[in-house]
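Chemist: Okay, handing you the structure first.
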Amino acid sequence: MDSKLLLVTQSGSVDDLYSLIQAAPDILQKVDVLPIIHTPLHEASSAGKLDLAMELMILKPSFAKKLNEYGLSPLHLAVENDQVELALELVKVDPSLVRIRGRGGMTPLHLVAKKGDVDLLTDFLLACPESIKDVNVNGETILHITIMNDKYEQLKVLTGWMQKMRDSDDVFIDVLNRRDRGGNTVLHLAAYENNDKVVKQLVKCLSLDRNIQNKSGMTALDVLRARGSHMNKEIEEIIQMSGGKTGGSLSGIQEWYIFLREPVTFKEHCKTRIARYRSRISDGSRNALLVIAALIISATFQTAAQLLDKEKLDKVKKNGMRFSEFQLWGCNTVAFSIAILFSFILLPVGRAYEWWYFIITVPLVFSYFLLMYMMHGLSFFFLIIYEGGLFLVYLLVLYVKWKRCTQMKVRKPKSDLISDNFKNMV
């Protein structure tokens, strides 16, 4: 950096900066052309020259994303030198600065977690929630870094953030179960450190996988027991009570390469086709088909709810239900059942949708058959149950079997080199 520009930066004078620019209009551009350099913004951020730093963000916003010869951005330097106000102002201008990877893949958010500033950590997360996904060159997430530096309060903030945020639940689950270069999750680290407070905090997260194996095939429980006489018995009990197991007890789980080399069965073929249909259908088509299914459910239920007039009802009680009427009610029940199942298949992927759907539709189906019993008596009720209800149960059982097949017990890969599309295979 030019010596005159360095002196102006160290002084923090905005007026002196513009005087220098008037004398040499290209002075900032000469700095900007270099890919790695200690820019005036680096110097201002390190020294806490707030006014000058904000002026440089206007003149040359590209400075904020450059790394100096030590692999640090201006925001890294502001965090390292406890320039909290300046760091927050930089993030206000460009929240993505929180995700800049410096030396070792460390982001400013990682540095904040390492230093232990809870307030700044929260501010960074609020400004850029996606930054929680970032990992360093060792594959360590912010959770790994927090545990390795024994920052318990920061861990409570992070786990609380992941559990209370309403969006991107899958992202936070991946962060919680992410493995570092050695295949160790945050639970492995906590078990190795014999840190009972951290283990208790982690197992409160329902999305935490207690049985992930590292590259040595060890679960968190194995890592804990490997400490021998130094093992904390309380931690062992906590992990076991939360569902943690040893790697040996998981030996029956199928390896990925075995699963992939096996021939595709007809059931897997059908499962794949349905899964692709659910994932590829557009929102517009899904909404239109759900409306059609809802209309069919409404029409068939209304047909079942139509009361016979007194003359026909007496005739039915005297002579019984005619075969044609029985077929009408049977076909109506089948249509009702298929519409219920079809609308279930059309739901977006996610267990929350499925559970709410069951909560709503089970009383509806029950009231449908109860209505027929009240209108036509026990004998007709059992006939319809045999033709329609049994068909519905069969379809639901078939779907449950298919659903279980999609969640086959396959050992998780020993690295995180797996895309979201591949995860959807099983």
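Even glycines carry a Cβ here, placed using N, Cα and C.
Swiss-Prot feature annotations, pasted as is:
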- 1-29: repeat 'ANK 1' (REPEAT)
- 36-65: repeat 'ANK 2' (REPEAT)
- 70-99: repeat 'ANK 3' (REPEAT)
- 104-134: repeat 'ANK 4' (REPEAT)
- 288-308: transmembrane segment (TRANSMEM)
- 329-349: transmembrane segment (TRANSMEM)
- 355-375: transmembrane segment (TRANSMEM)
- 380-400: transmembrane segment (TRANSMEM)
Chemist: How many helix, strand and coil residues does the repeat 'ANK 3' (70-99) contain under DSSP?
Modeler: 22 helix, 0 strand, 8 coil
Chemist: Restricting to the same chain and to residues at least six past its boundaries, which positions have a Cβ under 8 Å from a Cβ of the repeat 'ANK 4' (104-134)?
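Modeler: Answer is 71, 73, 75-76, 78-80, 84, 87-88, 91-92, 95-98, 141-142, 145-146, 149, 151, 153-154, 157-158, 161-162, 165, 167-168, 171-172, 174-175.
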Chemist: So what's the mean pLDDT when you look at the repeat 'ANK 3' (70-99)?
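Modeler: Residues in the repeat 'ANK 3' (70-99) carry a mean pLDDT of 94 in this prediction.
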Chemist: Mind tallying the repeat 'ANK 2' (36-65) by DSSP state, helix then strand then coil?
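Modeler: Counting residues by DSSP class gives 23 helix, 1 strand, 6 coil.
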Chemist: Could you give the number of helix, strand and coil residues in the repeat 'ANK 4' (104-134) as assigned by DSSP?
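Modeler: In the repeat 'ANK 4' (104-134), the DSSP-based counts are 25 helix, 0 strand, 6 coil.
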